[in-house]
Each structure stands twice: as structure tokens, then as C-alpha cells.
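The structure under discussion appears below in the form of C-alpha cells.
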């Protein structure tokens, strides 16, 4: 590995590319607006344009069929379902009898302390996890970029390795490392006279943060490192010549310039955390501190498949979706404001 | 760390060639060495943090049950890697082999199809102009943001109406949807497919679709491999959708199977070794794919992070 990565599309944003497609082409390409009624050339252009649109449609169709079938229709169904409730007998036998209940399911979800507690828990999780993740991977990326690290390629490989481990298996590994009798860590600690319960009331959330942090630390380090490598070296070296030490260079020169990578990481970590499901489900098999409604996603699963209340589950899904959109919007707004005018968009 | 002089230490480009003039005030060697030692120590500690749990998994998978429960992983007794593997494929009538095969089909087949679909769509976004294109692309980007767990229940109900719940297709089809792949496909098309080449082929009378399949796709192949790899990991990781859709053990992917075995292990500890060995075997193909195809992974990360 090292620096031999293929040239990525880099800074060409889709927007600039669009304009390039439109202008810098030979005359046979359709102009912005083909002039109407320009004789043979005009019809030729129009048919070329039609052929292009047909090809475009053919190439896009499979994806948009999928988009409709597994994204738009489900989201619509969720909203629709959330307005109905199945008033079935408690055991779920007998014919389902959906009746329109308006926003009642939403009120029920929002008034349900187990749902709001789960949502709050995930927000707390974000507050611990995201700063830790960003700080640790930024420090690692800056250290790797400082050039002082030996065996840089190997260090990156080692750091990235956990990201290839599926979330469920990461949870299995750490669950066993948290389990007394199997875990060499707990064994060592107890020999040192320290008795810890890593799945107790106060420790279960940090333990869970650790699993997710372990999975994603290297991935985000590589993202930051790649962004740092893409910085113009002159700027960095100018500051070195100006007498800024490596720490100052790293924090005051390099870090502000990879802000957009930091924002991307925060945004995707936020979305990832809000839908946390796999890891708490697995740890929950071994500790009573994680109940079946520990996170909003677990609440949805529990409502739909244990309590058979589709209306409630759908309303919880829509609320979770709304929270995700609101938080993503807030993050982008906040960064757009702080980025200022020097960057486009 | 505080005193190391940054780039002069890059091993690839010798210390003096990079800075012909050299840093104006070279700090004394003592603190510089100390800084470098601290830097390396910090990175080494983090690397141990990321590596040791995987090392534990490898060691634990090689131990018999007694050695596992005595936490003595480093002693040489109780090594029985082969019998662990034999046990794994014998447990519950050899269902693990079935799960493994299922995961391979879901992940490799799904990721390949998904990469073709997403790359074609990304190329079309990059190449053609039409009304409301950016709005449509906005919809694709919005789909990246939507949590999978939100879609699972409605997908289950749709599948149940169509009568395909608890079938291969109920898991396979939704995993073909990869909006991030379309985003990458568009960026790669912008970068890898020169407009001039397309124009030249058009002048030669090539049809628009032939243009894509004969000319552009070859140039986009590295990008398509990147999209394939991302989706391969995503499908291999997937747990929520199979859990919702499948009740027949014969259709399970490895993740769901291991989840059930781990649940069984809380009451019957003889499942612990098979869960551990099964986890290790399930990770190996991903590690192999990652090591062999690193450069594709990296180019995808770059494209994703630059925006």
C-alpha cells in the first residue's frame, strides 16, 4: 500500500462535472437548447438526444426500480401504517382489524418512557462515542501523516483490520472478552485484585461504546489520513519553514483543512449510532442490563415482532427517521455556517 | 512528538532531498528522538488495541473447551484447532456449512449485481443531462442517510403480502439497493471516463448503450470493484434484515446463525467453542478480500471523504 493509490476522482464534484459535460464537447453533441426547426440537422440532433435519453433511462432503470421497491414504497408504507392500529385481541388471533387512529401511535410512542429512554441512551452514546472516535482517529491520522511513524503501511493495516470484522462478530469477540471465566483481561485484573463487571449498570454503555469504537477507529483514521495526504504540501511546508512546530502545524494548519472529512465522519457516525441494533442485541443475550428496548431500533423490532403492534413499530420507525433527518440537517447547517465563504456550496 | 521535524523523517524520500534548505532551526537531537518515540508508542498502543482482540479470537479458536474456560490462552496445552473445525461442521447436523454457503451467495452474488446496477446509474448521472437531474440525485443521497432498521418492518410486510417472507429473495433483493454505490459511480465516471473518448466513439457510429458496455465500462471497472467490495462487506455484515425475514435455519447467513448459537451458549456452554471457531472462519474471507484488493478500498475511501 503506501502512497500508490490510484488517482481518485478527487476534487471534481458532481456539479462541476455536469457543466463540463454540457460545454466542452464537439458539435455533434446536443447543444444546451437545440434550436427548433433547423432542418435536417435539427431532427438529427433531436433523435440523437432521444437516443441519449433512452440510454440514460435504460442505465438508470434497474437502480430506480430498486429505489422505489425497497426505499420509497417502504417509507410510504411506514408512514401509512403509523396512522393505523390493529385492534386485535391480546393474543393476536382472530382477523386483523386495522382502524384509522391518526396520530395516536405517535403519541403512544413519544409518551412511552421505554422509547424515549432508548432514544436518550443513543444520544448519550453519541456524546461519548463521536468525540472519542473523532479525537482518536484524528490524532492517529496526524501522527501517521507527521512522517515520524515507522512501518506506516503496517500500522494502517493493523488499525484498519477490525473494520473487516462484521459487527456481530466484533460483538461476539468483545462479549467473550467481557465474560469472567473466558476473558484473559478479567482474569488478569482479578489476579491484580480488581473485580470488575464490564456488563453492569454503569459499565454496559461504555463497554458497548468500546465495541463500536474498536470496529470503526481504523476506518476513520484511514479516511482522515487520506484527506491529509491530499492536502497541498506547499501550505504545510510553508508553515514548517515559518517556524511552526509539528504540533502547531498539525492542529492549526492541517486539521482545519480536512474539516469536510471530519463533518462526513460525524454525520455518518451519527446515522450509524442512531440505528444501533446488532451489537446491543448480541451483548443483551448475556446481560440483563440490555433489555429488548435498549435502542430505538430494538424498540421497533420488539414492537413489531414480539408485541405484534405494527402501528406502534411504524410510528417509532418514522420518529427515528425524523430524528436522523433533523440531526443530519443540523450537522450540515452548522458546518455550512462555520465553513464560511471560502468553500463552495 | 513535540519536537520531531515532521516531513524530514519520511523514510520514502530521504531526509535531505525533501527539504533542500532544511528546517531553519533544527532542534537538538534529544527531544526530537523523544518526540518520535512518543509518536510511535502512541500508534503502537492503538495498534495493539485493534489487533489483540483478533489475536485472541485466533488463539481461542485453536483451544479446546477446557483451555478456553481456564483463560490460559498462551500456554501450549489444549491446542486442538482441527477438532474444533470438525466439531463446528458437525454441530446441529452440519448447518454451519450451509450458512457459510448462503452468506457467500448473498454477499458475492448480491454485491456483484449491486455493483453493476449502481455503476450504470452513476455513469448515467455523470454522462447525461436531463431535467431535475440534481433533484433526482438528491433523492439518491437522501437514501444513503436512511437507517436500514426503519425500512425493515415495511419491507417485511411487503414481502409478506407478496408471499416471499422466509425465502432467499426476501433477503437478496433489498441488499441490491446501494445508493452510496451510485454516488461513487458518478464520481468515478467523472474521473475515469474522458468525454472525448465517448465523443469519438459516437462519431464512429456507436450506439449509446454500446458506448457504455464496450467503452466506458472497461474504464469504470476499478470503480465497480470498489463498489463491489463495499457492498460485499455491507451484506456480510447484515443482520437485521435476515433476522426479520427468515425463520428457516437453512436460509440463514452466518451472522444470524452465530447469533442463535451464541444465544444457545448461555444455557449450554458446549456452543461456546463452535461460536468462536465459526466467528473466525466467517471473518477470514473478508480479511483475505481486503488484503488482496486494498487499493480499491482506498480509492473508495478517498472518493467518499473528499466531498
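Just so you know, glycine gets a Cβ as well, placed from its N, Cα and C.
All annotation found in TrEMBL is predicted automatically rather than curated by experts.
Summarising the annotation, TrEMBL assigns compositional bias 'Pro residues' to A:1-11.
Annotation source TrEMBL lists compositional bias 'Low complexity' at A:12-38.
The domain 'ABC transmembrane type-1' annotation in TrEMBL covers A:119-331.
Annotation source TrEMBL lists region 'Disordered' at A:1-46.
Residues 310-311, 314, 317-318, 321 of the same chain sit 6 or more residues outside the transmembrane segment (A:53-81) yet have a Cβ under 8 Å from a Cβ within it. The transmembrane segment annotation in TrEMBL covers A:53-81 (among others).
Per TrEMBL, the feature transmembrane segment maps to A:122-145 (among others).
The transmembrane segment feature in TrEMBL is assigned to A:157-178 (among others). For the transmembrane segment (A:157-178), the list of distant contacts is 1, 140, 184-186, 198-199, 207, 210-211, 214-219, 221-222, 278-279, 282-283, 285-286: same-chain residues at least six beyond its ends, Cβ to Cβ under 8 Å.
For A:198-219 (among others), the entry in TrEMBL reads transmembrane segment.
Sequence-distant contacts of the transmembrane segment (A:258-277) (same chain, six or more residues past either end, CB-CB distance under 8 Å): 122, 125-126, 129-130, 133-134, 137-138, 212, 216, 220, 223-224, 227-228, 231, 295-298, 301, 320, 323-324, 327-328, 331-332, 335, 339, 343. Taken from TrEMBL, the feature transmembrane segment applies to A:258-277 (among others).
Annotated transmembrane segment per TrEMBL: A:310-331 (among others), in sequence order.
Beyond its flanks by at least six residues, the transmembrane segment (A:310-331) meets 75, 77-86, 98, 101, 105-106, 108-110, 115, 119, 263, 266-267, 270-271, 274-275, 296-297, 299-301, 303-304 of its own chain at Cβ-Cβ distances under 8 Å.
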